[in-house]
Each structure stands twice: as C-alpha cells, then as structure tokens.
Amino acid sequence: MKVSKDKSKKGVKSKPKTSRKPLSLKQKLQRESKIVKVDNLNWKAVDIPDNLDDYQGFYGLEEIDGVDVKVTGGNVEFVVKDNSKVKDSDNEEDDDDVHDDDDNQDDGDDDQDDDDVDIEDDEDEIIEGDNEDDFKGFDDDNAINEDDQMDIESAKTEKKSKKEVKPKNEKVAKKDSILESAFKNVDLTLPDDNEVNLPYWDDLSLSSFTLNGLSALEYEKPTAIQKRTIPLAIEGKDVIGKAITGSGKTLAYGIPILERHLQKMAKANQSKKVINPPTGIIFAPTRELAHQVVDHLNRIAKFTPLSQHGIVSITGGLSIQKQERLLSHGPGIVVATPGRFLELLQKDMALVQRLSCTDIVVLDEADRLLQDGHFDEFVKILELFGKHRPRDNKELEWKWQTLVFSATFSRDLFGKLDKHLKSNKNKEEMGSSLIDNDEILQLLNDKLKFKDSKPTLVDANPKEMVAGQITEALVECGPTERDLYLYYFLLLYPGSTLVFANSIDSVKRLAPFLNNLKVPTFSIHSSMIQKQRLRTLERFKEASSKNSTAVLIASDVAARGLDIPNIDHVAHYHLPRSADVYIHRSGRTGRAGKEGVSIMFCSPQESSGPLRKLRKLVANNTKKRTRLNVHNDVKLLPLEMDLVSQIKPRVTLASKLADAERSSSSTRKEDNWVHEAAEELGIDNLSDIDNFEDDFIKRQRKRKENKALTKDEARSLRLELNDLLSKQIRKNSRRSYLTSGLQNLAHQMVTGNTHKDVLGHASVNALDDLRTKKAIKKKQIKTKKVKDKK
C-alpha cells in the first residue's frame, strides 16, 4: 500500500494491523472530553442591572455553560468537550494527558506491541480528520506537505491570539468596575466643619467625621441614654444601659465604636498587608435588627474614610461564602447574629484568633440572656474569644470592653402571663430600676464576665416601661370577634399599622383576610426565608409612604429592635405571652419623640388573668402598680355599634374566603407530604391509609375539609363581597334624607369635610379619640403658642 511506503520513507517500520474492537459511545465521549480544574475554566462575568438595589450576594458573579460536573469519590470534577470553555494557557498542557488516559482505557486488554500499533493508527486517523474539510479526492500521496503544515500552525496561532484578547479585555473591565466602586465617594462633597452647628453634642468631644454625619441626619440633640453612655464608652468602661424603646440605643454604642475605629485608622500603618481585627463586634437577636444596625451605622459613617466593607453584617439566611469573603477584607465593625457567627468561627480557627483581638463587644437586646435556653451560641463565642485572645500583645488589653443595652432588664417580665402571679412586696418596692436590681446584675456578670469588676449602670428611664408618648388602649371583644374589631379599627383610623399575632398560622390567615377587604396588607414571620422578609419590609415601607393605609401582619420576629419609620398604630391581635414581648411590640410606634397608639384586642378570659398581670408589671407609675382595676391606666377605644353592624357582613364573607384558602393550601401540603413519603417507602396503594390515622388527625382533617369551598362557591362569595365593598358605609344609616338630622351630610360631601370610607363621619385620629378633654386643651394651647411665636 502507499501508506506503508510513506511510512517507510519516514523511517517507520510497518506492522501488520491487528483486529481492533469498535469504540463504545462512552469511550468516544471520553476521547472528546477532558477534565479541567475550576480555576482553568473560561468564566464570564455577569453584568448586574443598575436598578437592582439589594445585591444579596451577587457581587463578582461569574457564569459558564457547556461544562459537565462529575463527582467521583467525593471530589468534584469539571468535564469539558469544547476547548473554548478552557483558558488558552491550559489547553496544550491537558491534551496529552487526556489522550493518554483514553488510549489506556480503550486498549487495556491488548498486548504492549498491539498498543503501539493502535496509537500509530490513531495518529493517522487524527491527521485524516483534520484534513476532512480540504479533501478533494484520492491523491497518490497522503502525507502532509510542509506548506500545509505551516498553514495549519499559522491558523492555530491566529485563533490563540483572538482568544487571548478576550480575557484581557474582561480583566480590564473588571479592574475598571473595582476602581469605580472603590473611589465612588471621592467626589463626595464634605460639609465644612465650621458650618456644623451642633452645640448639644460639643460636650461629648466627637470627631468632625461623626459630627458631619449627625448634622446630615439632623440629629441636633443627643437623647438621655446617648448623653450618659457615650462618654463612658469612649473612656473604655464597661456599660450596662437601659432605656425605653425608640430612644436611640443604636447610636449610644455605635458612636463610641466608630470613634475608636477612626483613632485606630489614624495610627495604623497602611503599608502592612495584614488583615486587622475589627474594632467592634455587635450581636443582635434577629437578622432584621442586624441589617438595620448596619444601615444606621453606614448613614452615620457617611463622611468617614471607611472602606466599602468597613461595616458588614453576618446573619443567617444569606450566602455563607460571601460572608467569609467580607470578613477576609478586615472590616472595622461587624454586626452579627450569634448562630451564623459561631458557624463561621467553628470552620476557621485563624478567624477565631483574629476576631478575638477585637476591642469592643456589644450585646443589643441583652434581656434575652436572662431567659433560659436563649443565646447559648453567644456564650460559646465568648468562650472561644477568651481562649484564643493573645496575652503577650502589649498593644492589646487582656479583656475586651463590653457594652450591654436593652429596654427591659427585669426577670419578672419574662414569666408567662397565664400563670399565677406571686406577689412579692420587696420586688414591688424595688420597682423596675436597673440600679436596684442586684439579681440581674449578677446574672449578666456571670455570663458576660466584664473587664471591670463593677460595670457602670445607666438607667435612662427608671420608672418607665412603655414610652410616655405611646397611648395604650383596649378593645374588649369575644374570641371570634377579633377580625371584626380589627377591621373596624383599620377602617375608621387610617395610617400605617403593625399587627402582631402569637402564631404563624394566624399571620398566614390574617393577610388574605384583610386583602379580601381591599386593605393593603403584608406579612412577615420566622418561617419565611431572609430575602422574603427583607423584601416584605421594603414593600411595606413603600406602601405606607404612598397609601393612607398600610398593614403589616407579623409574628414576634418583628417585635424587637426594628425601626420601621412612621408606624402610627400597633395592634395586638392576641395578648402577648409575656410582658417583655408587649413592651417591645409597643415600642415599634412612638419612636424618636413621635406619638403612637398601642391597642389590645382582649377576650373576657384574657382580661380576668393575663391582662391584669400585664398591667401590674408594665404600668408606668410604680406607686400605682398594685391597683386591681385595669381600666384606670388603659383607655377603652370608643366603639360606634352602628358602623360595626354595617361592616359585619363584609367581615363574615372575607373570613370564609380566607379560611377556605388557608385550609385548601394546608391539606394540599399534607397530601403532597404523604405521597412523597409513600413513594420513598415504595407503597403504591394509599387507600388503606385512613385506617392508620389518629382520631385527632381525622377530626382536624374533617374540620379543614368543612371550611374548604368549591371554585363556584368561592367565586360567588367573592362577587358578593365585592358588591358590599362597592357600597359606602354611612353613619346613622337609618336617616332617610341626606339633609335631615343635626349633621348635614350633603354639605359635608360638598365641602370634603368627611371620612374617606365612612359617609357622614368626620375624619378622626385614634390619638384624639383616646385623649381626655384636659389633654386636648393642653395640645390646643401648645399649638396656639407655636403659632403666636411664628
């Protein structure tokens, strides 16, 4: 053959070909593919849209397609068939290894001599495959000419040069984006120090950066807790601070940490490539509170030279890889929830050694420590810090500074309200003052192990549990009438309202109930993922700014620390289980000096025991705490039964639709769970499963099935409800003529001096209806004085 002649010319001995078995499909795919490391893949950067406000871990996101993932022995391997998916520098290095492996797999049963023959035959096949596009017939010579070889090599070099240009351009674009984010605040115009006029903050001796931030936020005067704790914290003393909700506790510990960090930045040597430990670590009980603290500190630190990752949050529900990357940048302030923070520490001991060198540890909402079983992770974190904190570092103190803040520090507040209240005269005489409560101080000292032998105690409001600007009210109703009176309150008193319920099931039922009544309603509870919670809070804030009425239904996950602006009312759909929860719930309104309303919907069973115990513990005046008559310090909301009777049909229909929707979704989830479990166990026939169900489960299922509605029934009820909602409610509906009676409804309609949803009713405010005549006169006198001054 000519082929043998050509091979003899090149000095290759011809060998007789042996019979070779055909390649399988798996072997063909293996011949075409190769295993590549993850770093050698040709990743592409993902462009983030400009309208995306919350990135949620999408910084530096890259993607690739056309790559198979294979797991062998616990190791993840990336299999590539197309060389364009691999960086050019790695193509040539990996080709030889892959071909050798394929040949060994194909010819493992043959002798060594046969392997050599097959490899040579494979080389001939590869040469023929490369020239298939240029094939024009049978030539006398099948050998490749030197000119053709030069053309092939030049084409390969051109392809490589084109591929090399692309990643370089991508790297340049990445560098430009990084530089833009790093220097985005360079053009920020700093206010002149001479223009900052904050005389009330002068005694605290703060830096110009912090004063500029306070001036931009228009914080002209420090609150009582800030004025008393900031100087002590700057001096390095351990502080235990107690103040009512909404009194500015975040800045009381945030400003001292910021001042300490600015001093460290001025002394630090920037040339050293060392990851510095954070100046302060702040622990919060909930994820929402941690994100809120970060946002608040970033606004104060707007004019400081902090980097982009100067203040970071470490919470559950978000990407742990992103949080590890944030900590690797060496942030100055870390705000964390104990669970996720402990998880990161247990993964990396080097991180423990670095974070244990922090200067300040803050515990926000520290009263949770006093409850058994809470914050066990926080105690473990302190133990890790104590073991790994270096002792031989002269610049570092032997112990970190500890700052503790909360609105409630009385252990009596954590007891269940439905239990019998044991009267203790000593405790009643002691009052709610933090300074007199030695038991609480001993518990905190045992768990936190302060640096100072006696931490400094600051009680800004010794006689107040609930803020004085919050008006408390009560609605006495039956257990099944809560929906009716809740809708009555929301209809008559427009504004942003936060409704608290004791169970997640109630939260899930109330949201569709109010939405059926055309009330803009959102819900948040602990079973939602973190992104859903944050998104719900943003939507509620947006709706409350646009609409006159917006409602957020929440479980106790939103009771602590959340600073949602402009909350007019807090409604307790259920009476809270403990007094501390009531204090924190009510503290969501009446913040930053504004007034608010906290209203309870209470059944007769609750008013006889739990409500009485709550009022004894929470009453503002400690001398009057032992009074048995609850109504003396809680005002009853005035009810107009004419309006209640008119809205009752609406509420009944909306409640039926909400119950049907809730029952159908719950039964659907139960059925799906049963079918999935049956498939895993290999059970095909589920007809006999009812025989094995418990009687209680059967009754519960029947109760849900009775509430369920067919599509036609639900459609007819919804049409009937929409018809009722289209008709406007009218005050004194028995009147036959608009112009009859003492009030001229026609004149009110023409002049616009009427309620938005209730015809013939003046536009009212819950605060005005709950105030006494004396309080109304005082307010009128104050408004007149302000007008006269102007």
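Backbone N, Cα and C atoms are what each Cβ position is placed from, and that goes for glycine too.
Sequence-distant neighbours of LYS249 (ATP binding site) (same chain, six or more apart, CB under 8 Å from its CB) are ILE225, GLY241, ALA243, ASP364, PHE405, ALA407, listed in sequence order. Annotated ATP binding site per Swiss-Prot: ALA243, ILE244, THR245, GLY246, SER247, GLY248, LYS249, THR250, in sequence order.
As annotated by Swiss-Prot, compositional bias 'Basic residues' applies to 7-20.
Shown for the compositional bias 'Basic and acidic residues' (80-89): DSSP residue counts in helix, strand and coil, namely 5 helix, 2 strand, 3 coil. For 80-89, the entry in Swiss-Prot reads compositional bias 'Basic and acidic residues'.
The compositional bias 'Acidic residues' annotation in Swiss-Prot covers 90-133 (among others).
Annotation source Swiss-Prot lists compositional bias 'Acidic residues' at 140-149 (among others).
As annotated by Swiss-Prot, domain 'Helicase ATP-binding' applies to 230-427.
Taken from Swiss-Prot, the feature domain 'Helicase C-terminal' covers 483-642.
The region 'Disordered' annotation in Swiss-Prot covers 1-29 (among others).
Taken from Swiss-Prot, the feature region 'Disordered' applies to 80-149 (among others).
Residues or ranges marked as motif 'Q motif' in Swiss-Prot: 199-227. Assigned with DSSP, the residues of the motif 'Q motif' (199-227) fall into helix, strand and coil as follows: 19 helix, 0 strand, 10 coil.
For the motif 'DEAD box' (364-367), the DSSP-based tally of helix, strand and coil residues reads 2 helix, 1 strand, 1 coil. What Swiss-Prot lists as motif 'DEAD box' is 364-367.
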Any further residue of that chain within 8 Å (Cβ to the Cβ centroid of ALA243, ILE244, THR245, GLY246, SER247, GLY248, LYS249, THR250) of the recorded ATP site: THR223, ILE225, ALA252, ALA407, GLY587, ARG591
Mapped DSSP class for LYS249 (ATP binding site), helix or strand or coil: helix
Cβ neighbour count within 10 Å of ILE244 (ATP binding site): 25
Protein Cβ atoms within 10 Å of SER247 (ATP binding site), excluding its own: 25
Neighbour tally for THR245 (ATP binding site), based on other Cβ positions within 10 Å of its Cβ: 25
Around the Cβ of GLY248 (ATP binding site), the count of other Cβ atoms that are within 10 Å: 20
Spatial neighbours of GLY246 (ATP binding site) that are distant in sequence (at least 6 apart) but have CB under 8 A: ALA467, ASP563, GLY587, GLY590, ARG591, ALA592
Candidate with the highest Cβ count within 10 Å, taken from the binding-site residues ALA243, THR250: ALA243
